[in-house]
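A.B. asks: Sharing a structure with you now.
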Amino acid sequence: MHPSEMQRKAPPRRRRHRNRAPLTHKMNKMVTSEQMKLPSTKKAEPPTWAQLKKLTQLATKYLENTKVTQTPESMLLAALMIVSMVVSLPMPAGAAAANYTNWAYVPFPPLIRAVTWMDNPIEVYVNDSVWVHGPIDDRCPAKPEEEGMMINISIGYHYPPICLGRAPGCLMPAVQNWLVEVPTVSPISRFTYNMVSGMSLRPRVNYLQDFSYQRSLKFRPKGKPCPKEIPKESKNTEVLVWEECVANSVVILQNNEFGTIIDWAPRGQFYHNCSGQTQSCPSAQVSPAVDSDLTESLDKHKHKKLQSFYPWEWGEKGISTPRPKIISPVSGPEHPELWRLTVASHHIRIWSGNQTLETRDRKPFYTVDLNSSLTVPLQSCVKPPYMLVVGNIVIKPDSQTITCENCRLLTCIDSTFNWQHRILLVRAREGVWIPVSMDRPWEASPSIHILTEVLKGVLNRSKRFIFTLIAVIMGLIAVTAMAAVAGVALHSFVQSVNFVNDWQKNSTRLWNSQSSIDQKLANQINDLRQTVIWMGDRLMSLEHRFQLQCDWNTSDFCITPQIYNESEHHWDMVRRHLQGREDNLTLDISKLKEQIFEASKAHLNLVPGTEAIAGVADGLANLNPVTWVKTIGSTTIINLILILVCLFCLLLVCRCTQQLRRDSDHRERAMMTMVVLSKRKGGNVGKSKRDQIVTVSV
């Protein structure tokens, strides 16, 4: 057949099978059945919020690395790819039965602790800075619907806690007066006064009975001494000018088994000036009855009159707020913010009056007459992470615990407060150390976990190393690359880890919701100051996280490589730590932190996955065929036979290669001859037989 005819001939058509059924008919015959479940099949827990958040971050990172536009469709596909990769990993046999317990650091758990006298002063905001000294904020409470939530507490303490109210271990309330002098306009008046009365802290005695004078001076703060004259009223008669000063004598607010608390602020009161008097002069100070109802002197008594044959003097002059501090058993900082909570528990009363001089029985007679027709309601508030626990608070110094049943959680105190209750200052815990259990060993990298699990299943099989090794190498490239993106598994069957995750997640959402700052007033110094306090706690938590090496399957808290040793830290010690009782556990927790930091540092110094890679390398060594040859060829004769067999195979391959080359040359020559013949006009007509033979043989 001529070559041109071969090119023009169409290829044969396929024979159509007449008995082939339509696809729709076959689809109708398909039956879908439920996936078979083994007795060991477990129901997967739904993904947590932290896992979904981590999945979104991983999908975003994967799209950025692949330079794919971030659309909802691409995000969904990337997330599904990560999920399919993670859930397809083989689960080793017996993993569910294994139990690994490690120490975990949980930042900002849903726990509170008492604010102690050793803590720094907290920020207490007032709604009226005209009459009360301090930062102002009239937007509190931030969430009125959450004020007064009921709570039962049982927490521990190491240093004495700060408590206000009529109970052992709490500072007692009392009424305090501040006096200023105004210009006198009446000819019979010696002095004209304006006085402010409000709730304050009750002094036990006016001096430390069991302290010498030299020892009391040891705790005298550095500051401006109080003036020797009564402060003059400012130009603005509606503003009370507060000026911090240090009085000449100290008062003791508490001196018992809970500690000794003193105050160097002035305590102004009227007393008789007996200087230059020849007759007996009562020098006792005139003060309200502290055992009576505290609110009675501020509500019912709107007129005060003091009369005497001796001049009235105002002792401890100065307009300064109380600043209590603890000096025994430890020495702590001053806490001026406590007075702002106390003074807001009832309205303050504004007085005006004068001191007149008359003559009775030919003797000078002095009268102080004060009247009041103005009261000012106040409100004081704290902001998260601080709160106020109000109720029947009981402090037990023997066990160092604080209990309160059916108490209320508040952030603000106003004039409706009932002093039959007590106030305990609390704050959110920065972090706790607890042991958690897992169903696998602690691992720092997800890629090492995936590599170990895949190769563990391969190495447990027989020595089908040729094709298996190729498949494993091809798979490891994709698995390792994807594991760097996945970062964390989406499902975990460890109940304790899930419990801690939910426990900490809810508290984080709670504190974050309470700590939100109004963006419209973010430039105010008070918000900035509170934000700095909150960010300081966050930085402390981040500092711990940077120093720790955490397990790869947790994101909201950190599971450390330190294994929990029950004999060294029994559960009762952990429980006391959760309650905040740090009596005998403080040194243990400090030692535990050092051990955990050392373990994390050791893991950071090593290449991630060094132990796993070493184990995999030992397993892959068994797949080396040279080791098989060594086990088979233990004698020289067998090794020689193997070499001869290899040489024979090599010779056979060479001969086959040469034969294939000859056949290829013959085919090329034949094709060249056919091409020459097809191009000649007239073919072989007119040529001799010899020429034809020569032409064909070319």
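Glycine residues also receive a Cβ, built from the backbone N, Cα and C atoms like all the rest.
Sequence annotations record features per position, and here Swiss-Prot assigns region 'Disordered' to 1-25. What Swiss-Prot records for 10-20 is compositional bias 'Basic residues'. What Swiss-Prot lists as topological domain 'Extracellular' is 89-631. Taken from Swiss-Prot, the feature N-linked glycosylation site applies to Asn99, Asn127, Asn152, Asn273, Asn354, Asn371, Asn460, Asn506, Asn553, Asn565, Asn584. What Swiss-Prot records for 465-485 is region 'Fusion peptide', and it gives sequence analysis as the kind of evidence. Marked as topological domain 'Cytoplasmic' by Swiss-Prot on the basis of sequence analysis: 653-698.
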A.B. asks: Given the glycosylation sites Asn273, Asn565, and counting only Cβ atoms in the protein chains shown, which has the most within 10 Å of its Cβ?
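C.D. replies: Max Cβ neighbours within 10 Å, all protein chains included: Asn273.
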A.B. asks: Which value does the mean pLDDT take for the topological domain 'Cytoplasmic' (653-698) in this predicted structure?
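C.D. replies: Averaged over the topological domain 'Cytoplasmic' (653-698), the predicted model reaches a pLDDT of 65.
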A.B. asks: I want to check the contact list for Asn127 (N-linked glycosylation site): same chain, sequence separation of six or more, C-beta distance under 8 angstroms. What comes out?
C.D. replies: Ile136, Asp137, Asp138, Cys140, Leu378, Gln379, Ser380, Cys381
A.B. asks: If I take the Cα of Asn565 (N-linked glycosylation site) as reference, which of the glycosylation sites Asn152, Asn273, Asn354, Asn371 has the closest Cα?
C.D. replies: Asn152
A.B. asks: Whole-number Å distance between the CA of Asn273 (N-linked glycosylation site) and the CA of Asn152 (N-linked glycosylation site)?
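C.D. replies: That comes out at 53 Å between the alpha carbons.
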A.B. asks: Do you know offhand how many angstrom separate Asn152 (N-linked glycosylation site) and Asn371 (N-linked glycosylation site) by C-alpha?
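C.D. replies: Distance (Cα to Cα, whole Å): 45 Å.
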A.B. asks: Would you kindly give the Cα-Cα distance separating Asn354 (N-linked glycosylation site) and Asn371 (N-linked glycosylation site), rounded to the nearest Å?
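C.D. replies: Pair distance, Cα basis, whole Å: 10 Å.
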A.B. asks: Radius 10 Å, atoms counted are CB only; among the glycosylation sites Asn152, Asn354, Asn371, which position scores highest?
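C.D. replies: Of the glycosylation sites Asn152, Asn354, Asn371, the highest Cβ count within 10 Å belongs to Asn354.
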A.B. asks: What kind of secondary structure is Asn152 (N-linked glycosylation site) part of, going by DSSP in three states?
C.D. replies: strand
A.B. asks: Under DSSP, is Asn371 (N-linked glycosylation site) part of a helix or a strand, or is it coil?
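C.D. replies: Assignment for Asn371 (N-linked glycosylation site) reads strand.
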